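K.L.:
Look at TrEMBL and you will find 285-312 tagged as coiled coil. What TrEMBL lists as compositional bias 'Acidic residues' is 548-558. Per TrEMBL, domain 'Major facilitator superfamily (MFS) profile' is recorded for 58-542. Per TrEMBL, region 'Disordered' is recorded for 546-571. Annotation source TrEMBL lists transmembrane segment at 53-79, 99-122, 134-153, 159-177, 198-227, 247-266, 384-401, 407-426, 438-457, 477-497, 518-537.
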Amino acid sequence: MEQVLWLYSQVYRLWRTNWIDLSCEKKTQPLDLAMARDQLQVLSALDLAKTQWYHFTAIVIAGMGFFTDAYDLFCISLVTKLLGRIYYHVDDHPKPGSLPPNVAAAVNGVALCGTLVGQLFFGWLGDKLGRKRVYGMTLMLMVVCSIASGLSLGKEPKAVIVTLCFFRFWLGFGIGGDYPLSATIMSEYANKKTRGAFIAAVFAMQGFGILAGGIVAIVVSASFKSAFKSLPYSMDPIGSTVPQADYVWRIILMVGALPAAMTYYWRMKMPETARYTALVAKNAKQAAADMSKVLEVEIEAEEEKIERLAQDKKGSFGLFSREFLMRHGLHLLGTTSTWFLLDIAFYSQNLFQKDIFSAVGWIPPAQTMNALEEVYRIARAQTLIALCSTVPGYWFTVALIDYMGRFAIQLMGFAFMTIFMFALAIPYDHWTKKENRIGFVVMYAFTFFFANFGPNSTTFVVPAEIFPARLRSTCHGISAAAGKAGAIIGAFGFLYAAQNRDRTKTDAGYPPGIGVKYSLIVLGGINFLGALFTFLVPESKGRSLEEISGENEDENEAEMQGVHTGRTVPV
C-alpha cells in the first residue's frame, strides 16, 4: 500500500510540474538564486554563453556521426531486393528471387540488435571513462565495419549472408554508442537557452543521412544501369541480373565509412566536456583550462567547491539505489516507455511503404524491371519520402523546441500520429481504391512528419538533460535501447502481424496475420499510450542541467524543486 501511495504522489508531482503550477516564477526564484551561488563558474559560463562558433563545430562533429548512423542503418533496405535477385534466384519462377523471411529479418534486423547492445554498453562506458575517450572507439568501429560489410566473404548465399550479418551486428554496436555519447556531449557543451535546438540539430542529421543513402544508391545504380544494359526479368530471367550488380550493393554499403572517417580527427581534438571533468572526474583545474580555450575567457578553477562536492555523499547515489528511484525513477520510466512506444510505430512504416510506392507508380511490378532498375526505383522513392516528410519534420523541431518546449512537441506529435493512424486504419478499404490512393500517400507523409516534428526528436533530447552528469550517458543509453527494442518489434513483429488473414494472399514464406487495417489500429493505440506516458517526462526548457537533475541539492531541496519547477505548457 505504501508503494502505491508513493507512486501516486510521484505521478501527481510530475503532473503538477508539467501542467498546472501557475505561480511558478515566485516559488522558484529563491531556489534559482541559491543554485546560482553554488554553481561552478565553468558551468555557469557554459550555461550563459552566447551562441558561438564552437557550438556549430560541436553540432557538425556530433551530427556527422548521426549522418553516418542513419546512412548505415537505412541503406540496407535499398539493396535487400537486389540481394534476393543475386543469391536466391529460382529457375522458371514467374517472379525474381527474394530473400526468405528469416534471412530478410536477419539482414535487416541484425544491425538494430547490435545498436541496442551498443547503446547499453557505450552509455555505461561513457560515464565510467569519459565521453571523449569512448567517442573515438565508436567511430572507428563504424568505419571498419562499414567497409567490412561490403567485403562479405564467399560466393555461396549462406557465406555472404552470414558474413554480412556478422559485420552489420558490430556496425550496429558502434552506431549504438553514438546515441548516448553524441546527445550527452552536445547537452553538456550547449548553453541553456538554445540547448534543445543544438541537441535536436545533431539528431536531425539523421534525415540527411537517409537522404544521402538514397542519392548514393540512385547514382551508383544509374551508372551501372547505363554501363551494363539488360532486359527485364519477364523477358530474360537470368540476364536481367548482370554479374556486375554484385558490386552495386557492396559500394552502397561501403560508402557509409567515408563521413565517419572524415570526422575522426575532429572528434579526437574535442576536449572532454566540462561537466564530466568537473562533476564526475572532480578535476576543476582541467575543466576550467579546457573551457577557457573553448569560450576564450578566463575561468576560475574553484577547486575548493569541487572538493566540497566530492565529500558530499548525498550526491553520489548510484543507478540502482533507492535515492535514484525516488528522484529519477519515474523520469527513466517516462523516457524509456515513450521511446519504446514511438519506435514501434516509427519502424512499422515498412507495413505500407510498398503499397504507397506502388500506388503512385514509383515502383512497378518486379518482373517488369531488371535488377539495377529496381534498385534505382526503390532508392528514388525513398529519397522523395525523406525529402518531403522526414527531413522537414526534424528541422521544424530544431526551430521550435526552445520556444514550444519538449513536452508540448512530444505530446502534439503523439496526438497527431494517433489521429492519422486511426484515419488510415478505420476507413482502410476506402484508401485501397485506386482513386483514393493519393490521399493515402498524403496521410502517410503527415504521420511521419509529426513523428519527426514530435517524439522521434524529443525522445532523443530529453534523456540527455534530466539525469545527473555521472549517470547521464548511462540513462540515455537505457532509454535509447528501449527504443531499439520497440524498433525491432515494429519492423519485424508487425511485418508478420500485417499479413493478410487469407493464407493464399500472404507474402511468400509468411503465415497469415491480422491484416494491415487491424495492425494500423493497434499502432494508433500504441501512439495514444505514448501520449499518456509523456506526462511522466519533466519539461527541461531554459534550465541548467544541474537545476533539472537536482545534482547540487540535498533531498529536501530536491522535493521542493520537484513541486515548484514551474508550469511550461499552457493549460
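Using N, Cα and C of the backbone, Cβ positions are placed for all residues, glycine too.
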K.L.:
Please report, as numbers and ranges, the same-chain residues at least 6 past the borders of the transmembrane segment (159-177) whose CB is under 8 Å from any CB of it.
P.N.:
68-69, 72-73, 76, 83, 87, 103, 106-107, 110-123, 125-126, 134, 137-142, 145-146, 148-149, 152-153, 477, 480-481, 484
K.L.:
Against the transmembrane segment (438-457), which of these stretches has the most C-beta pairs under 8 Å: 247-266, 384-401, 477-497, 518-537?
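P.N.:
So the stretch in question is 384-401.
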K.L.:
Looking only at residues six or more beyond either end of the transmembrane segment (407-426), which have a C-beta under 8 A from one in the stretch?
P.N.:
18, 338, 342, 345, 352, 397, 400-401, 440, 443-444, 446-447, 450-451, 453-459, 462, 517-518, 520-521, 523-524, 527-528, 530-531, 534, 537-539, 568-569
K.L.:
How about long-range neighbours of the transmembrane segment (134-153): same chain, 6 or more residues beyond its ends, C-beta under 8 Å?
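P.N.:
Contacts with the transmembrane segment (134-153): 65, 68-69, 72, 118, 122, 125-126, 159-161, 163-164, 167-168, 170-171, 173-175, 177-178, 181, 185, 249-254, 256-257, 260-261, 263-264, 267-268, 270.
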K.L.:
Could you tell me the mean pLDDT over the domain 'Major facilitator superfamily (MFS) profile' (58-542), as a whole number?
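P.N.:
The average pLDDT of the model in the domain 'Major facilitator superfamily (MFS) profile' (58-542) works out to 87.
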